[in-house]
Structures are given as structure tokens and as C-alpha cells.
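The structure appears below as C-alpha cells.
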Amino acid sequence: MEPKTFYVTTPIYYPSGKFHIGTAYTTVLADTIRKYKKMRGYDTYFLTGLDEHGQKIQEVAQKNGITPQEHVDNMADQAKKLWKLMDISYDDFIRTTEERHTKVVEQIFDKLMEQGDIYKGEYEGWYCVPCETYFTDTQLVEGKCPDCGREVKKMKEEAYFFNMKKYADRLIEFYEENPNFIEPESRKNELFNNFLKPGLEDLCITRTTFDWGVKVKKDPKHVIYVWLDALTNYITALGYGSEDDTKFKKYWPADLQIVGKDIIRFHGIYWPIFLMALDLPLPKKIYAHGFIMMKDGKMSKSKGNVVYPEMLIERYGLDATKYFLMREFSYGQDAVFSPEGFVERFNFDLCNDLGNLLNRTIGMINKYQAGIVKPSMENKSEIDKNLEEFTEKQIQKVEENMDSIHLSNALTEIWNLIARTNKYIDETAPWILAKNEEDSETLNSVLYHLVENLRKIAIMLNPFMQDTSKSIMEQLGIEKEELKKWDSIKEGSTIEEIHVIEKGEPLFMRLDQTEEVEYIKNEMKK
Ligand code: MSP
């Protein structure tokens, strides 16, 4: 039987400036889910990329004295370098300036125009001449331009519109029939109550105020406005509308589209409607995550509070950085990044809980059994049985949380298992067992249970922290691939005699809280 497919996407990022941990968060989330699904036997496909058109990009390039194309080429290199550093294993990286994308966007526009979904009208709004941008009533700040604070003028221009109203009822019906289409539910309710229920406005999908974008073929003074151009990346990357659409046939509809809460409106309303107009199936799930905030609000260069992933990775390693990002966010909620929180998580969770469990285990196996542990299934004590039952339950909880995108909860459950396993050492007191020859079987059984739990923990951590997972396996001396697979954590005893490493290596070195908090704060100001 062919394995089931799993197609996951991130938004395509605006390459306007250096990517910070907010952008990295979405990508790490998608990548972690993909890695998990792959371990569960799915044929996965992971798409990310860049949204390279639009006025803002044109302006940034101008400011830097280069062409927009040169600018986006540089930024694409930067993004790919960052994802490589972060061990993000995407299958495709789409750029909206690529011909494979622009050609299909042109076709889509023509098709929608022919079938009457797009019409020509007039766009009216508040125009800021120096910024060359339109704003709506609600976007203005005290009646002035929200970007530069100058006077705005009411202006009109010819533009193309998409007839959203035509599809609104069908979308409402779709929401009702597919209650889990948008998650968390609170976001779906927001979209429903604030946009769908009051009645959808038609969407202006072209501009004449800039020219860095896909032009309307039959009317080239109009540039297709970024959202129609951007959203379609999820299908053009799979070859939709091209000669070779095998991937499209195989992977569409997407199983999971991850977006930040700020762009859920585009993905939860316009995107499904565009797909309906193209007569294509809708994605199975759109998940909106929260924002990484700073103690003093949003991250911004002017506030000097931007955190870049490179800095954290260079100083604390990739796994610690990813762990923090995945642990700190509750489902769909915002999370606050603080240097104190980062260092605490590093010291408590990674060094104390996980690092010590491995270290103590390896140390005891070397000290009491010359580095060797034998399988032990008989003579289980009540304490052993209790640990096994607890472990089984935790595995189930981790799977449920992973399947429902509650990644932070999954990590919490893994850490509950780590804590329980540490407690098991205190309950069984191997240092006392080691004193009596007649307890040698019991001692081996205790050490065996520790190895088994560490192996299971390493497997469940694998989608989050691959190096750490690998290092745990190496230190335990577990080599067989079969013993590293997800399914093996649910089977009974699987290990044969193992020889652990002679001298354990610390997974993470404890940090000096004050020094490191200071370090991160200084880096943020740079
Ligand atoms: N180009 C559009 C997306 C088009 S998708 C068809 C865009 N780009 S963006 O670069 O501005 O944002 C990309 C993603 O990064 C969004 O999901 C956004 O929510 C996310 N984040 C940007 N800052 C963030 C934080 N501080 N925290 C978490 N995510 C954040 O929108």
C-alpha cells in the first residue's frame, strides 16, 4: 500500500529585512510537524519560500541602490542559509518571481476574468502621496498616514476586483460542514463573526501605483496585488497549471497550512474562495499560531528588541533554540521571549532534567555493571510496573498532542516523563542495590528500565532536537535503526545487550544566569 501523504506549508515570507525568531518560529513549527509525520510513516512534502513582489520590496531595493530582483536574490540566499543552519528540511522553496509561478498566476487571473469572477471597477481610499500607498478609514492614525504621519488624500483609481460575495454562502457552508478547518476555534469564530456574517466586501486585486509584480497580461498597467499572487504559491509550487502536475495530483489538498494570526483572514477567507473559483479542493486545515512578543511589546528594530536566531544558535546551539521556540508557545497563543526565560529553560529543562537523567544513567551503568545492560523482562517490581504504565500513558499523550499540533504540550508531556524517570532513580536507589550481590538482577532491571525510557525519550524528541536525540542514542550505545523508529516505543522490550559509552558527555553545559541574560540583552540592542 502507498503511504499516506502529508503536505504542510509555511507562509511565504516578505524578504524586506533580516529574518527574526518570529519568522523562524513558523518554519520550525512546520518542520517539526513534518519530521514527526515522516517518522509516523507518511510520505511528506514541505513547502516554504518567499513572497517577493510588492511596493515594499521595491522601496527597500531602491533604498539600497539595487534592483528589486537583486534584492530578492540576496534575500533568498539569506533565507536558504538560515534554514540550512536551522536544519530545516523543506522539499521545495518557492519564490514568487520564478517563471513557474508568474506564468500560472497570469493564467489564473485570465481564467477568473473569463468566468466573470473578476471585474474592473474603481478603487477608492485614502492615499499617501510620499508613501504611494492606499489606506482604509480604519488604518489611518488620527486621520493621517499610519506609516509617515503625513496628510492623506481621498483618491480613486481604476482597479480589478474579485467578486467575493458570490462565494460567501458556500464558504459559510464549508465552515459549518468542516468545523476543524480553521484552528484554534477562536480564530474561526473571529473570521465568521467579523467578516463572513456582516457580509464580505469584494477584494481589490490589482494596483497601478507600483510595478514590481505580475502584470495583468491584457492590461499591463495593472499589477496583480500581492495576495492573489502570494496565496497561489501553495499550488503553483506543486506544478498546478503546468505541464507536469504530478506533485499537485499527489499532494493537493494540503493537510496543514500554518500561518500567523495576522494573516489568518487571507488564508481563512480569500484563499478558500480563490480555490472554490478554480474548482479545486480546499486545504484540510489552516492553523493560526500566536506571536512572539517582547516584554515591551512587538519586536522592532527601533525599540532595539529584535532577536535573531543566528545569535541564539551560535551561543547556545540549535537544539536549545528550537526547544525554546517550541516549548514556550501554548496552542495558538502569543508567547513572550525574555532572556531570563531562555536561560532558565536551558538550565532547568535541558541541563538539569534531561542532561542529568542521561548522565546519571550512563555513570551508574559504568560504575556498577562495567558499562553493560542486559534485557530484563522478568521479576518486575511494583515500582517497575508503575514506571512502565506511566511511560505508556505519556507516549499516548505525546502522540495525541503531536497529532493535534499542540507541540508545546507534547514537550511538557515528554518532560513529565523525564521527571518521572528521574524520580524512579530515587525510588529504586541503585547505589544501595549495587552493594549486595543478591540484588544484581534487580539492579540490572533498574538500569534497563532507565535505558529503555531514555531511548523512548530520545525518539520522541527526535522531531524537535535531532542532534540531542542522536547523542542520547550514541551515548547509550544503541545502534540498530529499528530501535530508533517511532513504532518501537510502543513495543515491549526491544533492546539486546548494550554497551554504553565509557564516559558520558554532557548534553548541555550549565549557563551562568546573570552573564547570559546580559549577553542576550546586549545582542538584542545591536
Ligand atoms: N508574505 C506574507 C505571507 C503570504 S503567505 C501566502 C507575510 N509575510 S511576513 O513575512 O510578513 O510574515 C510571515 C509569517 O511570519 C506570518 O505568518 C507572520 O505571522 C509570522 N510572523 C512575523 N512576525 C512574527 C512574530 N513576532 N511571531 C510569530 N510569528 C510572526 O505575511
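Yeah, the Cβs are placed from backbone N, Cα and C, and that goes for glycine too.
Among the residue ranges 53-57, 298-302, 478-482, the one that TrEMBL annotates as motif ''KMSKS' region' is 298-302. Taking a C-beta cut-off of under 8 Å and a sequence gap of six or more, Cys131 (Zn(2+) binding site) has these contacts in its own chain: Cys145, Asp147, Cys148, Arg150. Its own atom aside, the Cβ of Cys145 (Zn(2+) binding site) has 20 Cβ atoms within 10 angstroms in the protein chains shown.
In sequence order, Val129, Pro130, Thr133, Phe135, Lys144, Pro146, Asp147, Gly149, Arg150, Val152 are the residues of the same chain, not among Cys128, Cys131, Cys145, Cys148, whose CB sits within 8 A of the CB centroid for the Zn(2+) site.
Annotation for Cys128 (Zn(2+) binding site): spatial neighbours Tyr134, Phe135, Cys145, Asp147, Cys148, Arg150, Glu151, Val152, Lys153, criterion Cβ-Cβ under 8 Å with sequence separation of six or more. Taking H, G and I as helix, E and B as strand and the rest as coil, DSSP gives the motif ''KMSKS' region' (298-302) the counts 2 helix, 0 strand, 3 coil.
According to DSSP, Cys128 (Zn(2+) binding site) sits within a strand segment.
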